[in-house]
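Visitor: Could you have a look at this structure, given as structure tokens, before my questions?
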Amino acid sequence: MAKLTRVVNSAQEFSIFLFVCSFYFVGYYPALCIESKFNYMGNDTIYSISVNGIPGSSNDEDTWTGLEQGEHSVYVDFYKYFGSQLASHLTSLESSATVSGSVDLVQDKILPRCKAFLDLFGIAASKFTSCAITNGRPMRFCERCVADYQITRDRYEEIEKDDYHDTTTGMTCKDLLLNADRIMIIQHAKQFVENLWEKSHCNSCFAHFEYNKTTSAVTFQYDNRTLEFRKRLMQTEKCMNITEDLILSHVNKSACEVCQPDYNDLNEYYSGIEETQKHKVCMDIADAMNMTRLRWSKTFKCTKKHRDVVPVLLLTVFFTFMPVMFYIGSKIHGVREERKIMKQKRMKTVVSSMDSST
Amino acid sequence: MGDRNVVRGFGERTPLLPSQRVLYQPDASIEVQYTLNTSTENKGIGNRYRRSVPYIETSGRYQNQEEEEDEEDPKLLEEHKVLSARFQTLDYDTCENELYQREEKSKGYRFLVKKNLARWLVMGLIGILTGIVASGIDYFIDLLSQLKYKLITDYINKCINNSCLSIPFVLFVSLNAGAVLIASILVAYVEPQAGGSGIPQIKCYLNGVKIPRVVRIKTLVSKCIGVVFSVVGGLAVGKEGPMIHSGAVIAAGISQGRSATFNKDFRVFEYFRTDHEKRDFVSGGAAAGVSAAFGAPVGGVLFSLEEGASYWNQSLTWRIFFASFISTFTLNVVLSYVKGHPWDLSNPGLINFGEFNSVTYNGVEIPIFLMIGAIGGLFGALFNMINHKLSVFRMRHVYRKSTKVVEAMIVAGITAMIAFVLMYFITDCSPLGNDPTEHPVQFFCSDGEFNGLAALFFQTPEASVKSLFHDPNNSYQPLTLSVFFLVYFCLSIWTYGLAVSSGLFIPALLTGAAWGRLVGIFLAQIFPNQGWVDPGKYALLGAAAQLGGVVRMTISLTVIITEATGNLSLGLPIMLVLMMAKWVGDYFNEGIYDIHIQLMAVPMIQWEPPPLSSNVLACEVMSHPVTTFRTVEKVGRIREKLEKETHHGFPVVDEYDPDADDNTTFGVFKGLILRDQLLVLLENKVFKDPHGNPCNTTKLSSKDFRNQYPRFPDIKQINISVHERECTMDLRPFMNPSPYTVSDRASLPRIFKLFRGLGLRHIVVINDTHQVVGMVTRKDLARYRLEHVGGELKLEEMDITHS
């Protein structure tokens with residue numbers, strides 16, 4: 001027991017550990033039990049966490065308005081919250097498990113310590129997944145799920161770093177959880193999380209982010225470019241929101257010119273980011289830019305294109321004439337001197353040798 | 001004696017040659033032939049008669065060779081039906097003369113081990129250097145083309161709102177033309193052998209033909225810089241073909257341990273200074289080149305096997321394999337550093353088809369694959385036909401250096417123009433986000449979208465191929481693909497054969513990928529909701545079919561494509577597609593490389609002897625009369641003959657009187673001496689005065705001959721005084737005492753197999769009394785060529801020209 005404090009080092013987390021331990025005694029994982037557990041989680045806990053977890057996320061108009069420059073510290077009260085909630089439902093769970101009448105196999109029992117790892121990771125991963133899906137559109141994935149992402153990673157790392165050998169089996173939790181079977185659910189879950197993060201180039205949104213074990217908090221700092229982009233985006237949005245009715249109702253093209261400077265400014269700044277980050281722009285930013293562009297050109301129809309056909313056509317005709325002239329010219333002028341055929345040395349007749357042979 | 005009848009193609013027992021002989025006569029009836037009764041008893045009569053027909057009609061063509069002046073041929077020569085006399089053959093056969101035997105005896109086992117180790121070392125070095133050169137080319141192409149595309153994209157984006165589109169238009173055209181100017185000057189003025197993909201030249205070299213200057217360092221430099229600028233110039237070319245040539249040059253250079261161009265001798269690998277060793281290393285270099293170009297080490301080995309090396313052995317194959325793997329590994333490591341992920345080995349080749357891991361196929365698709373193969377064969381044959389016509393036109397009318405440069409620039413300009421005009425007028429917009437290019441061009445699309453055609457044109461062709469293979473299903477509209485296919489097909493036909501160094505693989509793959517993807521989209525319309533319909537897969541197979549239809553390579557191409565995709569399960573479809581493409585294409589014409597080899601008038605020896613030619617005998621194939629030297633010959637005569645004749649091998653004989661008239665035999669055969677050897681002997685004045693005393697004390701060894709290799713002095717540069725002309729030379733210690741000979745009754749197929757199998761240069765024809773009656777060289781054999789047009793076969797005999 002003493003060793004476990006290394007992993008579960010805050011009071012809040014200890015409560016969940018208790019819950020987990022009791023879970024272990026119940027003997028779980030029959031289908032019914034899992035179902036009830038997931039129902040329970042899906043109904044209120046996860047939801048409340050995703051709302052409370054990150055400041056500003058409750059503001060559904062435009063989340064970015066609630067953010068200002070500088071460092072953001074997010075206190076993740078999830079585990080405290082979750083732990084106490086779970087503990088209070090412990091008894092109901094226990095009863096449901098007995099009701100299901102599952103067979104309590106010896107092999108189903110794993111070390112409480114490993115079980116704790118498993119559950120902590122499971123909760124973190126599912127919370128990340130949920131966060132990713134709910135923030136998929138409009139895309140605010142990177143900014144809103146950074147805490148969950150970091151915690152998931154951290155939980156996984158803890159499993160990986162585990163080197164406490166169990167006295168009876170001699171196995172570490174790492175062996176038991178990561179290398180024991182061929183499905184490797186935990187690795188796959190981890191991979192999924194990492195892939196999502198990688199593909200969205202989320203890292204380029206942030207200057208840095210880290211998870212502090214002692215305070216159970218994820219601190220992160222936005223990249224300066226992200227903040228600057230956001231500022232300009234908001235300005236453009238503001239302008240567009242004001243002029244939207246004007247443009248849509250009157251189809252007055254001159255209204256486009258009101259926001260044109262802001263829009264151009266934003267576009268240029270975005271191109272700058274693309275340039276410096278070598279096309280690995282954080283998806284939140286890329287998507288916001290795309291949406292603004294689409295709104296600008298599709299809804300507002302403000303994109304003006306000048307098809308200066310005449311000079312292009314003239315040039316085309318000019319260029320087309322060049323090969324025609326060239327080939328006609330070379331056909332007329334350049335006729336290569338014919339090559340001379342060399343006389344081959346051949347036997348005049350083969351009669352003599354042939355006659356001698358027959 | 002014979003019946004007049006009309007020849008209908010191929011398949012009669014009658015030899016086809018006589019009718020072709022008649023062809024030389026401008027006003028003779030082409031279709032007439034005298035059928036012969038060729039039973040064994042009166043074969044002699046048959047032969048006699050056969051020969052007499054064309055002999056009478058063709059004025060002087062088969063008359064005795066004493067006349068020296070050349071006769072002007074009245075009709076226009078067909079460029080692909082002549083052989084050029086300027087091409088020499090490699091001496092693949094070792095000359096086992098006394099010097100050689102003495103040297104071998106003195107060296108012993110230690111030397112053998114050392115030489116073998118050196119072979120491995122050289123192969124390793126070839127691999128490393130080829131890999132480095134390939135990475136260098138890749139790096140500079142990337143760098144320059146990104147600069148170009150960025151500049152133009154910026155201008156377009158700026159001008160689209162300000163009515164100044166003609167500026168990026170002119171800029172685009174002139175940038176491309178400017179880059180191609182550099183590329184074509186390098187080829188037209190610096191080194192003509194650096195033109196094209198270099199694969200025909202390497203094919204010839206591996207076949208045993210010494211193409212002048214093809215493995216010089218100057219060629220390598222022009223080739224490498226040239227290919228960078230022709231790709232940057234936006235031509236429809238790739239950098240893969242030139243890699244094969246580069247690998248070959250590197251191999252030829254390293255294995256010699258010196259550079260004749262810089263006159264620098266490192267005094268290493270002196271024992272590799274023979275045609276035999278050099279050609280072995282060149283086959284390794286070509287394999288390393290393929291390997292670096294496509295990330296296909298096995299394909300590289302098979303390429304060397306398929307295209308060259310008539311003489312093949314197991315240990316050489318093993319060494320070539322080593323060079324191949326080293327080359328792709330080196331490229332991988334260097335590129336991993338260039339791309340900023342050291343030792344992340346994910347770039348095995350210059351072109352990488354990307355991962356096709358999840359793609360599988362269904363049994364019902366096999367007929368579709370065969371159809372794709374057939375389409376590829378048709379398109380390939382069309383490509384070859386038009387390119388052939390165009391190349392002939394170029395040889396006749398665009399042959400000046402300056403016009404070649406202008407032509408290349410015009411093609412570059414028009415390529416850019418077409419790309420621009422297409423982007424301008426076809427608005428195919430897709431949303432940004434998964435944009436395939438680094439520089440998405442918006443053109444007239446709404447903000448937040450990019451132009452699909454611009455995406456295909458505004459990246460290097462390699463990247464476009466990859467996009468067509470891997471972009472999501474709805475990235476390209478059918479209209480875009482059709483237009484792109486048509487345009488690119490025409491451009492690639494027009495481009496191949498320009499005076500720039502350019503590869504053919506990528507344009508063919510790109511054209512094929514475009515129509516293959518169209519097929520895929522079409523199939524997806526017919527069979528909706530079928531798991532196996534994947535436009536990317538059809539793009540790959542279309543690309544394979546198109547390439548196979550153009551180049552007609554078989555096993556090596558299959559393996560190269562399979563390796564480049566990294567998916568073995570698509571091996572069978574790729575093979576089926578290539579097989580069909582070859583069959584269908586061969587019905588119409590030959591592969592593009594063979595066509596260009598024919599246009600170069602290179603005497604190339606095919607894999608197989610012409611069929612049904614076994615009644616063509618040695619005495620008909622051989623050259624006659626023969627210039628022979630007596631075992632102890634007068635210096636004056638040697639000098640005179642060397643000046644007069646361009647031959648390379650001279651039989652050494654006994655009992656021969658050169659002054660007698662009307663010789664039909666030329667002395668009793670003793671051995672064979674080569675022109676190079678005679679030149680070295682004359683230069684070192686290994687003479688004996690009329691009394692039989694040596695004129696000087698120099699004692700030559702094999703090393704003296706190797707030191708001159710490969711650039712021997714010209715006979716005109718060697719001074720021989722009047723007094724020395726009366727001296728004699730004993731050729732016996734220097735001649736090859738036991739070269740290959742055949743009887744005058746040997747058939748053409750037999751001689752052919754000896755040449756092909758042993759890599760011979762000369763074969764001496766002797767009669768029953770061991771007297772020399774003739775010589776057979778590569779040109780004597782290569783002049784018989786099987787033509788297959790529209791499924792009909794006929795045997796043709798080619799003329800030989802001076803140039």
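Using N, Cα and C of the backbone, Cβ positions are placed for all residues, glycine too.
Per TrEMBL, the feature transmembrane segment maps to B:120-141, B:167-190, B:220-238, B:281-304, B:316-338, B:366-386, B:406-426, B:476-497, B:504-527, B:539-561, B:568-585. The domain 'CBS' feature in TrEMBL is assigned to B:735-793.
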Visitor: Count, for each of B:316-338, B:406-426, B:476-497, the Cβ pairs lying under 8 Å from the transmembrane segment (B:167-190), and report the range with the highest count.
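Guide: Ranking B:316-338, B:406-426, B:476-497 by Cβ pairs under 8 Å to the transmembrane segment (B:167-190) puts B:406-426 first.
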Visitor: Based on DSSP, tally up the residues of the domain 'CBS' (B:735-793) by helix, strand and coil.
Guide: 16 helix, 25 strand, 18 coil
Visitor: Would you call the transmembrane segment (B:406-426) and the transmembrane segment (B:476-497) in contact, using three or more Cβ pairs under 8 Å, pairs 6 or more apart in sequence?
Guide: yes
Visitor: Take the C-beta pairs under 8 A between the transmembrane segment (B:220-238) and each of B:281-304, B:316-338, B:504-527, B:539-561. Which stretch has the highest count?
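Guide: Looking at each of B:281-304, B:316-338, B:504-527, B:539-561 in turn, the most contacts to the transmembrane segment (B:220-238) are made by B:504-527.
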Visitor: If you average the pLDDT over the domain 'CBS' (B:735-793), what number do you get?
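Guide: Mean pLDDT for the domain 'CBS' (B:735-793): 87.
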Visitor: In terms of Cβ proximity under 8 Å, which residues at least six beyond the ends of the transmembrane segment (B:476-497) contact it?
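Guide: 196-197, 235-237, 379, 383, 386-387, 390-391, 394, 411, 415, 418, 422, 426, 428, 452-453, 456, 468, 504, 507-508, 510-511, 514-515, 517-518, 521-522, 592, 596.
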Visitor: Give me the stretch from B:504-527, B:539-561, B:568-585 with the greatest number of Cβ pairs under 8 Å to the transmembrane segment (B:281-304).
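Guide: By Cβ pairs under 8 Å, B:539-561 leads among B:504-527, B:539-561, B:568-585.
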Visitor: State the non-local partners of the transmembrane segment (B:568-585) in its own chain: residues 6+ outside its ends, Cβ under 8 Å from one of its Cβ atoms.
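Guide: Cβ under 8 Å, 6 or more out: 356, 359-361, 365-366, 369-370, 372-374, 376-378, 380-381, 384, 537, 540-541, 544-546, 548-550, 552-554, 557-558, 561-562, 591.
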